Amino acid sequence: MISLAGRDIMHAWGKFVFTGVGLGLLIGVTLSMAGIYRGMIDDAKVLLDNSSADLWVVQKDTLGPYAEPSSIYEDTWRSIRGMPGVARAANVTYLTMQVREGQRDVRAMITGITAGEPGTPGWPPYLVAGRQITRGHYEAVADIASGFRLGERLHIRRNHYTVVGLTRRMVSSGGDPMVFIPLKDAQEAQFLKDNDAILQQRRRSAANPAFNKPGSPGLLDAVIASQSSNAYVNAVLVQINAGYGVDEVAESIRRWKRLTVYTRSQMEEILVGKLIATSAKQIGMFLVILSIVSAAIVAFIIYTLTLGKIREIAVLKLIGTRNRTIAAMILQQALALGVIGFVVGKISATLFMAPIFPKYVLLEPLDSVIGFMVVMLICVLSSIIAIRAALKVDPAEAIG
Amino acid sequence: MKKLPIQGRTLAMLAVVIPLLALFIYVGLRSGPLAPVAIMLATVESRAVTPALFGIGTLETRYTYKIGPTFAGRVQRLDVQVGDRVKAGQIFGEMDPVDLDDRVRSQNAAFKRAQAVLREAEARQTYAQTQANRYEKLFTARLTSEDIVTTRREELKIAEAGLSAAHEDLARTHADREGMVAQRNSLRLIAPADGVVAERYADPGTTIVAGQTVVEIIDPKSLWINVRFDQISASGLAKGLPARIVLRSRSGQTSQGRVLRVELKADAVTEEMLAKVVFDALPQPLPPIGELAEVTVDLAALPTMPAIPNAAIRRVGGRVGVWQIVNNDLRFTPVTLGAYDLAGFVQVREGLTSGDQVVIYSEKALTSHSRIDVVEKIPGVQQ
């Protein structure tokens with residue numbers, strides 16, 4: 001048995017393939033859009049993964065440290081470390097700011113990591129080049145998305161940091177690359193004002209008679225010293241001992257330390273459900289619109305392809321071809337078009353669109369499978385219109 | 001020949017479709033979550049790890065003299081400016097004595113008066129002595145009554161007591177005067193040691209409370225660095241260790257120094273240990289006090305042991321270890337780590353031997369099920 005659809009496609013395969021490629025680019029954009037959506041959620045999840053924490057202890061009644069500002073005293077970790085079930089507790093600070101290197105600057109999330117050894121909560125869990133931080137000051141590990149290279153000197157506030165290590169996929173929930181620096185430097189970076197502001201603050205303090213009494217020399221110096229130190233961190237990352245429940249430890253910290261504690265699932269809920277909710281919805285909306293547009297275009301293409309062959313179909317009918325055969329031909333062609341479109345779409349999305357996109361595009365295999373099924377379904381549905389048009393054709397048109 | 005057009009078309013079709021499908025399969029398997037994770041391997045090498053400690057500190061002087069009056073008062077004159085050198089004992093300023101000079105003069109007068117009173121008492125005593133002697137003789141010759149002799153003896157005792165009182169009064173007024181002069185002298189601002197004026201807090205005319213600093217003198221030869229080391233990475237810090245010092249204003253230059261002492265009291269709030277580091281040779285020109293300095297203290301090299309780069313260390317399930325490739329599969333090997341150096345090498349006490357291969361870099365976090373692809377360089381890393 002000869003395949004009518006195959007014969008027809010072969011008849012004008014160039015046109016068919018080009019139509020498929022065009023459709024493929026559209027599907028590629030749709031897949032990329034799904035990838036962007038997944039990428040946004042993945043950004044939020046890797047942020048949590050990379051902190052390698054089981055619990056986040058933050059300022060009471062805040063959604064910190066990612067979704068809201070949170071600040072707690074830097075020595076809070078000691079009392080948390082003493083709670084039952086806590087294996088490790090480490091201070092951490094996060095601050096999104098511009099990091100300068102030479103003439104350019106990059107928006108990055110500065111992460112202050114507590115001194116210790118690799119594997120401490122907050123430290124980058126893996127590297128792609130260089131080494132981890134060994135000095136307590138002025139060293140940095142940067143994400144490769146920032147474009148920084150090993151050995152480069154970064155300017156953060158007034159200090160210079162040498163890039164000693166590079167890592168990958170360490171981003172903030174907004175997709176900004178992370179730059180890890182020692183905690184004490186990060187506290188300073190978070191708090192330190194420019195020299196002008198410091199001078200003015202000193203002048204203001206000196207002008208305040210309460211701080212600058214003639215009878216108590218030294219008071220002004222003490223006040224200024226206390227004004228220019230930062231004893232706060234944004235959160236304490238906690239890893240718990242095996243054998244303890246996450247919720248149980250979280251609850252005891254909440255109860256006895258009167259701080260807000262989030263578990264991994266709660267944190268994910270905050271990041272995905274609150275922090276990136278609007279932008280994710282926006283991308284989701286684009287995805288829906290693109291899908292509808294794609295479906296309409298697929299239907300339109302197949303309909304046009306069928307109408308272009310209307311005379312041949314009339315001839316087929318005239319020679320007594322069964323309706324089923326004609327319908328099968330159109331359906332098969334629609335499916336073939338869908339397959340080509342999907343293959344081209346997947347390739348273009350993976351090889352061309354994802355790498356050049358500024359934000360992370362995560363193309364999940366499951367999304368591709370679902371995408372494939374949706375494409376097939378749309379092809380089937382849109383071929384129905386074409387089949388109806390083909391079946392309604394009068395065989396007489398073949399000669400008339 | 002008849003079939004050729006169709007065959008040609010089929011071939012052309014295949015020429016498009018087959019690469020497309022091949023590309024599709026490649027894309028499906030080599031990218032996205034199914035793609036193998038690129039990793040880089042490193043060999044465990046035996047090496048002598050030379051641990052070093054890194055801290056930052058500020059330049060301070062060991063001796064800082066804050067000179068000020070011990071009484072409240074007004075600055076009368078101040079002859080030195082910031083940067084002036086002063087010698088030990090040099091008087092470089094004075095407080096306004098207000099009425100102290102007058103009081104010294106008054107004490108002088110009182111002293112002279114006491115001297116006069118003493119002379120009078122001496123004269124009285126001499127006269128009483130003479131009288132007493134004369135009447136004693138007369139009484140011995142029975143020429144006068146015992147009553148009168150007794151009276152003369154009493155008068156002599158009174159005169160002697162008066163003389164003694166006058167002596168003491170003289171001593172008192174003398175001491176009073178000395179005290180007043182000492183007070184007057186304490187209003188002078190005197191350099192206690194050789195040094196340089198670092199700060200001049202008040203100018204003549206300013207009223208100063210007791211104990212307030214007027215001039216700060218430092219001894220530039222006693223320059224040291226108050227260095228802070230994080231407690232977690234300060235093991236081995238000890239007196240006498242060599243140190244390399246980089247000043248913030250001279251970041252290209254490294255000066256040599258040594259740890260003078262490690263403070264017995266650590267900073268409990270910042271969790272840092274404090275140490276004083278001195279220069280072997282003072283840098284010239286002298287750096288300003290308060291400048292930031294980075295200090296690297298080199299500890300003695302440890303015996304040769306297997307060591308790995310710290311980038312290889314991972315924590316999986318609460319245990320510290322490294323990933324190794326065994327039979328083309330990833331296996332997590334827990335290790336016990338020892339000392340580390342600033343170049344990022346860590347001693348491995350247990351778990352690995354020299355020559356073992358460990359995963360040093362990976363594109364993403366590894367699990368024992370990860371598909372891996374050993375590469376020479378992780379893609380995307382710019383050199």
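Each residue, glycine too, has its Cβ placed from N, Cα and C.
Automatic, uncurated: that is what TrEMBL annotation is.
These features come from TrEMBL:
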TRANSMEM  A:12-37  transmembrane segment
DOMAIN    A:22-254  domain 'MacB-like periplasmic core'
TRANSMEM  A:283-305  transmembrane segment
DOMAIN    A:285-395  domain 'ABC3 transporter permease C-terminal'
TRANSMEM  A:326-349  transmembrane segment
TRANSMEM  A:369-391  transmembrane segment
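Residues 280, 283-284, 286-287, 290-291, 293-294, 297-298, 301, 305, 333, 336-338, 340-349, 352-354, 357, 359, 361-364, 367-368, 371, 375 of the same chain lie 6+ residues outside the transmembrane segment (A:12-37) yet bring a C-beta within less than 8 angstroms of a C-beta in it.
Long-range contacts of the transmembrane segment (A:369-391) within its own chain (CB-CB distance under 8 A, at least 6 residues past either end) are made by residues 27, 30-31, 34, 291, 294-295, 298-300, 302-303, 305-307, 310, 313, 323, 326-327, 330-331, 333-335, 337-338, 341-342, 345-346. In the domain 'ABC3 transporter permease C-terminal' (A:285-395), helix, strand and coil residues by DSSP number 95 helix, 0 strand, 16 coil.
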